[in-house]
Amino acid sequence: MNKRFLFLLTSAALFLFSACSKQSKPLSEPSLIPMPAQVELASGAFNLKGSTVAIDGETDSTATEMNRLADLLIKGIKDVSGIEPRKEKASKADILLELISEPGISTEGYRLVADKQGIKLQASSTQGLFYGMQTLLQLTDAEGRVHYAGIMDEPRFEYRGLHLDVSRHFMSIAYIKEMLDLMASYKYNRFHWHLTDGGGWRMESEKYPLLTQKAQARMVSDWDEWWSKGDRKFVETGTPGSYGGYYTQDEIREVVRFAADRYITVIPEIELPGHSNEVFAAYPELNCLGRWDHDCSDFCIGNPKTFEFLENILDETMALFPSKYIHIGGDEAGKWHWKSCPKCQALMRAEGLKNVDELQSYAVKRIEKYLNGKGREIIGWDEILEGGLAPNATVMSWRGEEGGKTAARMGHHVIMTPGNPLYFDFYQGNPVTEPKAIGGYNPLKRVYAYDPEPADLTAEEHQYILGAQGNLWTEYVVDEKHAAYMIWPRALALAEVLWTPKDKKDFDNFLSRANVHTAKMLEKGINAFPLKNIDLRMEVDTLKKEIRIYADTEKRPCTLRYTIDGTAPKAQSPLYDSAIIVKDSAKLMVQLFDGDKPLFDPVPFFADYHKALGKPVRYNCKFDRGYPAGGAMALTDGYRGSWTYLDKRWQGFTETMDVTVDLGSVQPLNSVSAKFMQAKGAWVYMPETVEAWVSADGKDFTSLGQIPTTVDIDDVNLRFEVFKFNTTAEARYVRMKAVQSKIKNYFLFADEIIVY
């Protein structure tokens, strides 16, 4: 190990000298993201005023790139501090970028020492130098001071990716570059570009020009209006008022070069055999119907022209993208047209294929063989496992982790990207105050807690997990500012998951650092989510007959104030510093403050110590085993559901909910109520009606009435509805029946039956 580095690591206490020049501000501890594998900070900083930069260890093949990196570092330092170091000979430089050959430094690893003598960054590759530069820039403050540090670093995972869907909503080249710049700052190395899908074809094709003439523009920008409620038709490019866009081949080459300069590989996705409605708007002969139909999204596998088209398109794709991998999609193929298509059925008989799953596998394997012959490999979504996995395929596991685990056990490489928690189109805050999203709930904490290596795989099987990827689908992400809002800072959390050793992760520490980086993004005009979530949790104490409510925040540091009467907190409202105690019923409102100034919207929270709390429930139905919440006591345990059914407080049903609560004795009642949820994107619907009854003996029940839902079955927004029945009856038993909506076999969710 380098003696200078070792000395700093083992003797940090000896570096308690002051910085090289008078400091106008106290030196802050640097906020490094992702946290390096080994880092030791010492007191003091090297001042970059009048500093010089040099390279060393370059060869004929690396000299040009090392000089480019030196220029890039000089620019980065100027952007951070306003100071512009100059180039100098290696023997005289304050900052040295050095290529070395040392077994202890991996290809992406680096060693960095900053002390009173200057700054030395060493790596075995220019890629390692680039990553070390990102850390060096994070060590540098606005006054040009580099915190004394000794760092030895390398990534935990090889594949560190982000995905962007530009089919449903087109994003400009300028935005793609902004995203790539940010990715590079946090050591991401893969950009998955989702270029084709039912929302529009985005890549110029010289062989098939109709793809961008007839299949990229539409007249309706709103996704639901066009896709769910509309005709899904495209219009000719250039039609006045049309919405869309595509990338020319020159623009794609420009993006690929831009990414490569930041050590990011761009992986294109060309969807097949499903998700291809847009292709048939231009070339309808390639589907089973031979004509465009809004509900026909699969290529005709039995048509030889399909493979002629796909091979030609893939040839053009490979000419533009030098990446090892080509992503071929493979997900959510409808397959029903194949069952009645004469060409597909003839191919199945000729190839001895038993079912349409095997027909899809045939198509994937055929495409893989073609790409392998060109020196490329395929990635596919986990559906490519169905019907038999192609021999050399890498699986991208999105429907949870099961597909990834299956592939790893088969000896195939895997990239983990489960919807929960790595879909960044899911909500990250309260849906009532957040922009419309597809559903779900993936806050920063949940992303940070993810581990791409499932515990039930062996160490040998873990070797097949290449890494993970955060995905942004854009059904409801309507523009570039919205895209940035959904990606950052969740992508900061994933960056640390993928780079930092598992045992070095610390969420509270990360959260402090993430606040610093998010604030800097906002200062630069990047529309990052401002870390405004307030997490409220409760404890029910049946001995003291009280509910204790605890608050935690993403924003650090912060002040919290609250009320218990449903009014918005003010500067004079109580300050939260310990548990809030509720003895009966309260509507809490909790809000972040900056001094006397309220920040963002107050967060409501209901707590009820009611008559049914802790009382037994008899189920005349079955709750879903996947969403049991608290099991047989879930509906009377006092724990109210939040805005997501993933919080394990909402109990799920796939049939009509019919339950009876035993209050233990006959007692006067004032009301009976329960809250339900609708999240159409997640197949969760309101009950059609809710009815309640009461009884003194458990035999003869009196109806309190029937209440129909007021939420439309087609409402795509997240909705909550309380069904409340007033009464003056005396009773021991309360029965409630929530009739499942007309859409059968979908979910109904309830959180608590409240009785007063």
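Quick reminder: no glycine exception, Cβ is built from N, Cα and C everywhere.
TrEMBL annotations: computationally assigned, not manually curated.
Going by TrEMBL, these are the annotated features:
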type	residues	note
ACT_SITE	Glu332	active site, proton donor
DOMAIN	30-153	domain 'Beta-hexosaminidase bacterial type N-terminal'
DOMAIN	157-501	domain 'Glycoside hydrolase family 20 catalytic'
DOMAIN	546-595	domain 'GH29D-like beta-sandwich'
DOMAIN	630-743	domain 'F5/8 type C'
SIGNAL	1-24	signal peptide
Count of other CB atoms lying within 10 Å of the CB belonging to Glu332 (active site, proton donor): 14
Candidates 30-153, 157-501, 546-595; stretch with most C-beta pairs under 8 Å toward the domain 'F5/8 type C' (630-743): 157-501
Averaged pLDDT, computed only over the residues in the domain 'F5/8 type C' (630-743): 95
Helix, strand or coil at the residue listed as 'active site, proton donor' [DSSP, three-state]: coil
Tally of DSSP helical, extended and coil residues in the domain 'GH29D-like beta-sandwich' (546-595): 0 helix, 28 strand, 22 coil
